[in-house]
Amino acid sequence: VSLQELLEPEAGTNKTAVAEFILLGLVETEEMQSLVFVLFLFAYLVTVGGNLMLDVGCITVTVPAMLSHLLSHRRTISYGACLTQLFFFHLLAGMDCFLLTTMAYDRFLAICRPLTYSIRMSQTVRRMLVAVSWTCAFTNALTHAIVLTTLNFCGPKEVNHFYCDLPQLFQLSCSSTQLNELLLFALGFLMVGAPVVLIIASYIHTAAAVLQIRSAEGRKKAFTCGSHLTVVFLFYGTGIFNYMRLGSEEDSDKDKGVGVFNTVINPMLNPLIYSLRNTDVQGALWRILVGRWSLT
């Protein structure tokens, strides 16, 4: 059974009377739509070119569809397409959660356990981490998509966002969303809470080890940890704000702002942030910082 067949409402049932949704997007006027199209197209091209297949998932799921709607002036999205977009968005966002956790574990081993790094982070271990990450992310995304099909959508059908996501669809349901919300919090704790705890624990040990190193090599290691921590803060900060606080319709504009930051700005900034791991960039930045300190 294909995902499309699984997510489409069954014909002849009373599950939902809504066959498609209307994505209200970010702006209403045609002049502003043209500006948004140019800005988001630029952001998408920069992100794809800068990340080179590393972090183009969420922005690819959301932005090209929005650009298509801006060009065609059609804002409708079918029920099945909406749920499919939601599924892949949560699948790839879940993979980002586990990827950031794995990177923290990698930094912990490289700094705190350098002699056993090759054994603890062997090719077999890496494959296992990837397999577990994909399995957990897939299970989380599929669970949300399937449970969402139990809701009735009788109208209105206007989604106050530029892509389909759980909080906005909950607002449109004419049946109880209590189970869906409880499931979102429970799985959110597993998908976000557990990785955050592991990342914090790994960096407590890593920071203690780095502080004991007084050499230039220690400062370089601190820079590599700092770039990863910046991405962690931006990714988890916006995600927690969006999903651990199911907003009302009055909060939809805030949710759209967070959505832009989480799906567009974060991936676009990642290449710049991770460039701090480059030794030449680190050296140049360190010389600038030292020079300013000496001048003061």
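Note that the numbers count up from 1, one per residue, in the order the chain is shown.
For all residues, glycine too, the Cβ spot is worked out from N, Cα and C.
TrEMBL lists 19-274 with the feature domain 'G-protein coupled receptors family 1 profile'.
According to TrEMBL, the feature transmembrane segment maps to 35-67 (among others). Under 8 Å from some Cβ of the transmembrane segment (35-67) lie the Cβ atoms of residues 23, 25-27, 77, 85, 88-89, 92-93, 95-96, 162-163, 259, 262-265, 267-268, 270-272, all in the same chain and six or more residues away from its ends.
Annotated transmembrane segment per TrEMBL: 87-108 (among others), in sequence order.
What TrEMBL lists as transmembrane segment is 129-153 (among others). Remote same-chain partners of the transmembrane segment (129-153), defined as residues 6 or more beyond its termini with a Cβ less than 8 Å from a stretch Cβ, comprise 3, 6-7, 9, 14-18, 79, 83-84, 86-95, 97-99, 102, 166, 169-170, 172-175, 177, 179-180, 183-184, 187, 190-191.
Non-local neighbours of the transmembrane segment (182-211) in the same chain are 94, 97-98, 100-101, 104-105, 107-108, 111-112, 136-137, 140, 143-144, 147, 166, 218, 221-222, 225, 229, 232, 236, 239-240, 243-244, 246; each lies 6+ residues outside the stretch with a CB under 8 Å from one of its CB atoms. Positions annotated as transmembrane segment by TrEMBL: 182-211 (among others).
Annotated transmembrane segment per TrEMBL: 223-244 (among others), in sequence order.
Here the transmembrane segment (87-108) has long-range neighbours at 3, 7, 55, 57-58, 61-62, 121, 129, 132-134, 136-138, 140-142, 144-145, 163-165, 191-192, 195, 198-199, 202-203, 205-206, 224-225, 228, 231-232, 235-236, 239, meaning same-chain residues at least 6 beyond its ends whose C-beta is under 8 angstroms from one of its own.
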